[in-house]
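In what follows, a single structure is set out as structure tokens and then discussed.
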Amino acid sequence: VSGCCELIFTSTKGPWITNLSRPCSQGSLGLFVPPSPPLDPDKVKELQRFIGLSRKLLVMTGAGVSTESGIPDYRSDKVGLYARTERRPIQHSDFVRSAPVRQRYWARNFVGWPQFSSHQPNPAHWALSNWERLGKLHWLVTQNVDALHTKAGSQRLTELHGCMHRVLCLNCGEQTPRGVLQERFRVLNPTWSAEAQGLAPDGDVFLTEEQVQSFQVPPCVRCGGPLKPDVVFFGDTVNPNKVDFVHRRVKEADSLLVIGSSLQVYSGYRFILTAREKKLPIAIVNIGPTRSDDMACLKLNSRCGELLPLIDLTDFLLNLAAKGIDCLR
Ligand SMILES: [Zn+2]
């Protein structure tokens, strides 16, 4: 899982939570976006050609597509969470095994939710949604759990690691919207919530041990089981049916574009391996090196929100129009 900032992090230094996600104005763009060289017009043309030639384009996105929306990634040099903080992702087994771990997790998640759920898509998300609308995108696979592709209107989409906007019962599998749980938290923790909300200005938020221990976590409405965000935590595996589904989409594709992922996590990397087996052309847009740079025919160290809107699909549309195909679905 990547791109879920404060919501899935535990601290080795105590119950601190950092409100890292600030609104993404021009001035704060640099907060979580690594510095990148100026756009190289020749490379942009090459990407234009790569996308223009594709008839079944599969796109895979990672945390890098959301940094411009104000959500930090893990691994970027200097600006990623690993570089800036000591916080590390929560482990699936810890969450499942321990009620106190779940209580701490949900207390912090409750505080972070209003901010996290308010993040908005950036021009990269909008461009991808537009490609889909124009019939240019075969399938979109994301490693992100922030729902920003959905917010931008993407539908031919697989959220490989799930989505923070859904909650899952570990016992009966019931799925509920995260917003509904927020209301249940509020009702169960009237005084607590008032205090915690008051503590979230711009910087760090401190939750005392007492606060965490008094935080009431409601169980599943249907069976009373423990609740978990419907996301794949570290140490857990992606549902095999979902993996099969994406493998089939990769096999149908004629080219693969990776956007904003260092491909360090195997759950995404395995699809690159499948694409390579199929000898699909691979292009990568990511600031910084990735695990698959040597497999790519094209690599751009560019900001996706700046680059993707530049891709001009006019020729593609004119071609379709000449064939009498109405592509505006
Ligand atoms: Zn249940």
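Cβ coordinates are placed from backbone N, Cα and C, and glycine is handled just like the others.
Where the annotation comes from TrEMBL, it is an automatic prediction and has not been curated.
Lifted from TrEMBL, the feature list:
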| type | residues | note |
| --- | --- | --- |
| DOMAIN | 37-329 | domain 'Deacetylase sirtuin-type' |
| BINDING | 62-82, 143-146, 260-262, 286-288, C304 | NAD(+) binding site |
| ACT_SITE | H161 | active site, proton acceptor |
| BINDING | C169, C172, C220, C223 | Zn(2+) binding site |
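Projection of TrEMBL feature records onto the structure.
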residue	record	Cβ neighbours (10 Å)
S66	NAD(+) binding site	32
G70	NAD(+) binding site	24
Y74	NAD(+) binding site	22
D146	NAD(+) binding site	28
H161	active site, proton acceptor	25
C169	Zn(2+) binding site	20
C172	Zn(2+) binding site	11
C220	Zn(2+) binding site	18
C223	Zn(2+) binding site	12
N286	NAD(+) binding site	26
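Taken in sequence order, the binding-site residues Y74, D146, C169, C172, C220, C223 that lie near ligand 1, meaning a CB under 6 Å from one of its atoms, are C169, C172, C220, C223. Within 10 Å of the C-beta of G62 (NAD(+) binding site) we count 29 further C-beta atoms, all protein chains included. For C169 (Zn(2+) binding site), the nearest of the binding-site residues G62, S66, G70, Y74, D146 in terms of C-alpha separation is D146.
Considering only the recorded positions S66, H161, N286, C220 (Zn(2+) binding site) has H161 as its nearest partner by CA-CA distance. S66 (NAD(+) binding site) is 15 Å away from H161 (active site, proton acceptor) when you measure Cα to Cα.
Those residues of the chain, other than C169, C172, C220, C223, with a C-beta within 8 angstroms of the mean position of the Zn(2+) site C-beta atoms are L170, N171, G173, E174, P219, V221, R222, G224, G225. Across the residues of the domain 'Deacetylase sirtuin-type' (37-329), the predicted structure has a mean pLDDT of 89.
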